[in-house]
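Here is what TrEMBL says about this protein:
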type	residues	note
DOMAIN	2-175	domain 'Formyl transferase N-terminal'
BINDING	105, 106, 107, 108	(6S)-5,6,7,8-tetrahydrofolate binding site
DOMAIN	197-292	domain 'Formyl transferase C-terminal'
């Protein structure tokens, strides 16, 4: 059970495994996209179709029909990777080994829908990928296998996404290879945090935050919802930046260097490298300031 690109390495690993067989795939139904509103199958759906794996796209798992369908499928275990639907208890217990889930965080830290984004936004120096036995809770199940690793100081969301997807695929196959011998570790009751789904309004910059914190937000919230400020009534999205620990005695949001587009923050300064005016293409800062002049001393919203 899975839907987006994050789940693709796991399905590929299972397909290529000599000791395991994928007998069915559940994924979200095709979505209408583009000007022609063409229906686009999920990445998992496309991969499953390539290998002629029976694929199902129910709108919910909470019907007797779906429960009966899953019960009829001859499988020992259900693997869930970013499926997008809650799994009811009757399905969690439908197979011999229950349901396993890949969760990209150091559980119990960052339980929830946006662990990758929150890991970067919070400035974590390390993270994990966990294989978890699913229960009815919100990422509360026992941990079967875990791989922890350090994060580079400038890591971006796409890079972390791909790293965790590949690590998760490898861990999942190792878990299945040793399913009868691996201990299940109850999650620590201390250190629980929740990685709530991102909201669009979180993208508006608060210049009173530290430059470091804003930099973390830029790296953790791109491509969506993105981090932006407003100038002359237009939203300008920051795509790349870096921070300085300079002690400037200016109000947060003040342009302190308009040739580099360096902005004073609550602590330190943010130097913008790449940005995008709403409705326009992304530009590096040199190209941008040739078309949009932001005078020195301007107080940005």
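Here the Cβ of each residue, glycine as well, is placed from N, Cα and C on the backbone.
TrEMBL does not curate its annotations; it predicts them automatically.
Of all Cβ atoms in the protein chains displayed, 25 besides its own lie within 10 Å of the Cβ of residue 107 ((6S)-5,6,7,8-tetrahydrofolate binding site). The Cβ neighbour count for residue 106 ((6S)-5,6,7,8-tetrahydrofolate binding site), using a 10 Å radius over every protein chain in view, is 20. Between the binding-site residues 105, 108, 105 has the most other Cβ atoms inside 10 Å of its own Cβ, all protein chains included.
In the three-state DSSP assignment, the secondary structure recorded for residue 107 ((6S)-5,6,7,8-tetrahydrofolate binding site) is coil.
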